[in-house]
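To start, the structure itself, in structure tokens.
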């Protein structure tokens, strides 16, 4: 039997990814051309850059797919990458604003400017590297987790060691540095992904269910508290006071249309303008200077304005199909490492689309994260494509292992007869 890896490519993951990538190029073209023309710039520059990053992502996927799985399990390599990632995040934050390589973008310090290429945002890769890192850690602790349950996850003699010792230190370091960039959106997503990975690590359901209910309850109480106090709750001495404006917009975007509520109010207008069937591709009104960041954080309202609520639902359905296919592979996986990666990547996509769309329609505060595979942004697309590359590699490995086991089973069960 031919067990060549190419025979086990999971098209139910690859095809939805390619469809979303194609829609993304079309929508980036639609949202960026008017703004580029108004600024007197090359109208095709941003869509060409996005296309280049998508082609680079396809090459990366092809390379990673061909790697043997043991290469992805190399703990020294994973540890080295995590150190480089943390140092790059710190580099972005501590360098002065005047330093050309780390000049702020929209007030945030999370970008590294590479001449001739553009900007790279390390936090976008951190979301996938956290999954990779925790999958490596938890997959080697399965016997200990089975014996000691959650006590193995939060092992330590003191409370400080339980919270910041061992595998938790790199995760906390990334969260803290990313928060003070400031980058609330990616910080929340990384934290959510880490919680998903803990839940998938093998701890008993009663612990994970209990903590999940507690966190969701606290979030609901917090959002309710925002409506009572009006959103202005972050003390001025903290480096994250910018969040107050987002909280104020969440409570009521129409009280300050010129400032804090401008984006969310115009997001509503875009969705209402689109209706069920949309105004037609390229015919959005809000992208013409009314809705800031229409090509990134708020691309989904523009999708609805141009393609309608039906078009938005179809795109979400494609994305949820992709997520479900990866989740199914993760649940069925025989290897703990494979299962953790698949559940982590599918969880990342689910959380990110919820945070993006939830912020755009006002059910949670806006956080500035991109819509997976549609928004303009090379780092975001590359980072999420890295997750898809891992998923395709692991899916092929699981399928090949299953076929090999079946082949061996039938080979050993076939009776042999001696000649009379």
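Residue 1 is the first one shown; counting continues down the chain.
Just so it is clear, glycine is given a Cβ too, placed from its N, Cα and C backbone atoms.
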Is it true that Swiss-Prot lists residue 67 and residue 340 on the same side of the membrane?
yes
Along the topological domain 'Extracellular' (34-43), what average pLDDT does this model show?
83
For the transmembrane segment (302-322), which partner among 13-33, 179-199, 214-234, 371-391 gives the most CB pairs under 8 Å?
13-33
Considering only Cβ pairs under 8 Å, which range in 13-33, 214-234, 371-391 makes the most contacts with the transmembrane segment (114-134)?
371-391
